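Notes follow once the structure below has been shown.
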């Protein structure tokens with residue numbers, strides 16, 4: 001009886017209700033689709049709630065109004081340049097918002113970003129271990145609702161007429177701690193439900209939530225900016241809180257919690273091709289294999305033990321520089337666009353926010369492409385390093401020629417987004433899941449959240465450093481900022497050199513074995529082949 005009650009407690013209320021209404025359970029494939037959809041929405045809301053600060057930067061710390069009265073381009077009011085002639089004035093008629101509209105306004109905006117990202121990165125290490133210890137569904141729900149509350153409170157500073165820098169600093173810091181619950185949790189859930197087969201492609205497509213979240217957050221924040229910059233925080237904060245309720249109702253963190261075996265465990269035991277095929281078939285059938293402990297009874301892996309997994313440290317430091325580049329674009333691209341003359345014209349804050357979403361459109365393509373290529377090549381490091389090297393000339397071209405016209409800017413921006421977000425997406429998804437289910441762990445998926453936290457937590461320190469440095473370097477000119485970004489991409493690629501060499505050697509060895517296998521297949525009939533002996 002107690003076991004039945006424990007099983008009922010683990011099943012999410014929404015799934016339990018669907019099961020009661022239908023009179024039977026859904027198939028494993030249906031549950032996988034549901035997990036993909038719910039986690040996609042969840043992390044979309046996480047990134048949407050991070051975007052407002054980049055959208056309102058020019059409203060909080062405006063330079064002289066540079067908008068010009070020209071015809072909208074290219075699709076109506078989406079990229080219109082003159083919709084807010086007074087957009088940089090607060091409700092009292094003052095330009096900008098104290099304390100961000102002084103001489104040190106840009107530096108304070110940079111400090112706001114780094115406060116959020118520093119707490120996010122530090123919180124990530126603890127959140128990963130907690131995610132492997134606590135119920136992932138409840139942990140994720142609390143993190144999302146908490147994030148929504150503190151993002152909304154930052155926006156309430158507008159309506160409460162708060163002009164104390166410390167208030168905004170604290171709100172961002174606490175929001176960063178709550179945001180740290182997201183990534184280790186969702187990657188662990190996906191790793192629990194999906195094996196390594198086609199993981200790069202599946203997670204590459206699924207990782208589009210990062211760019212979709214940035215786009216959604218930009219559009220939401222920009223659409224309500226005319227009613228006061230506070231709404232640009234409250235609306236995304238409400239979005240993530242509602243998504244948290246959806247997670248509580250419908251997310252099954254572990255297949256075992258609703259009666260299915262764990263693919264990660266099933267794949268970890270066999271070594272030969274026949275056994276793996278049998279295992280995959282068993283997993284697809286659902287409940288034909290014995291189910292091991294539920295989510296509350298697994299052994300978690302410590303931070304030190306997880307760091308010793310081969311490949312964790314190199315990929316973590318590579319992500320440090322990769323996220324430094326990616327998050328600089330995330331937080332500063334709208335500001336850069338609003339302060340840069342493009343085709344002889346300047347655009348408004350809203351237009352810059354809308355236009356910056358195209359960087360993330362390129363990022364969606366980059367994430368899917370990197371995942372697919374890494375699956376085909378079976379070489380995560382080679383793919384990630386190649387994308388990082390390709391990001392260097394793409395950023396250089398964007399800086400040199402992005403101001404020629406709006407069309408050229410869009411094309412080069414999307415290309416840069418493709419190469420910058422491709423390796424970032426690959427490392428934080430497929431690579432983290434691969435390492436979190438490494439053979440050295442003997443199939444213990446409880447390392448998933450911890451490994452993800454180590455890799456992404458280290459990367460998030462770089463994500464905090466990039467926007468902070470940009471706040472200071474931008475005062476010396478944007479050329480300096482782009483030099484920093486290109487150096488970051490170069491170092492990120494070089495850090496994977498050892499992994500790249502290992503993968504190349506593995507491929508060379510496999511090629512030699514396959515060629516020797518062909519020679520053995522040409523042996524006399526009196527000598528039986530290995531495949532016949534099986």
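Glycine is treated like the rest: Cβ placed from N, Cα and C.
TrEMBL annotations: computationally assigned, not manually curated.
For the ranges 302-332, 333-363, the feature annotated in TrEMBL as transmembrane segment maps to 302-332. Which of 109-131, 270-292, 431-453 counts as transmembrane segment depends on TrEMBL, and there it is 109-131.
TrEMBL assigns the feature transmembrane segment to residues 138-160, out of the candidate ranges 138-160, 506-528. Per-residue confidence over the domain 'Major facilitator superfamily (MFS) profile' (38-505) averages out at a pLDDT of 79. Residues 31-32, 35-36, 39, 42-43, 46, 49-50, 53, 111-113, 115-124, 126-128, 130-132, 136, 139-140, 142-144, 146-147, 150-151, 153-154, 157, 202-203, 206, 251, 253-255, 262-264, 428-429, 432-433, 436-437, 445, 448-450, 452-453, 456-457 of the same chain lie 6 or more positions beyond the ends of the transmembrane segment (166-194) yet place their CB under 8 Å from a CB of it.
Distant neighbours of the transmembrane segment (302-332): 50-51, 53-54, 57, 113, 117, 125, 128-129, 214, 359, 381, 384, 388, 391, 395, 416-417, 420-421, 423-424, 427-428, 431-432, 435, 438, 440-441, 447, 450-451, 454-467, 470, 474, 481, 485, 488-489, 491-493, 495-496, 498-499; these residues of the same chain sit at least 6 beyond its ends, with a Cβ under 8 Å from one of its Cβ atoms. Against the transmembrane segment (231-254), the recorded stretches 109-131, 138-160, 206-225, 407-427 differ in Cβ pairs under 8 Å, and the greatest number is found for 138-160.
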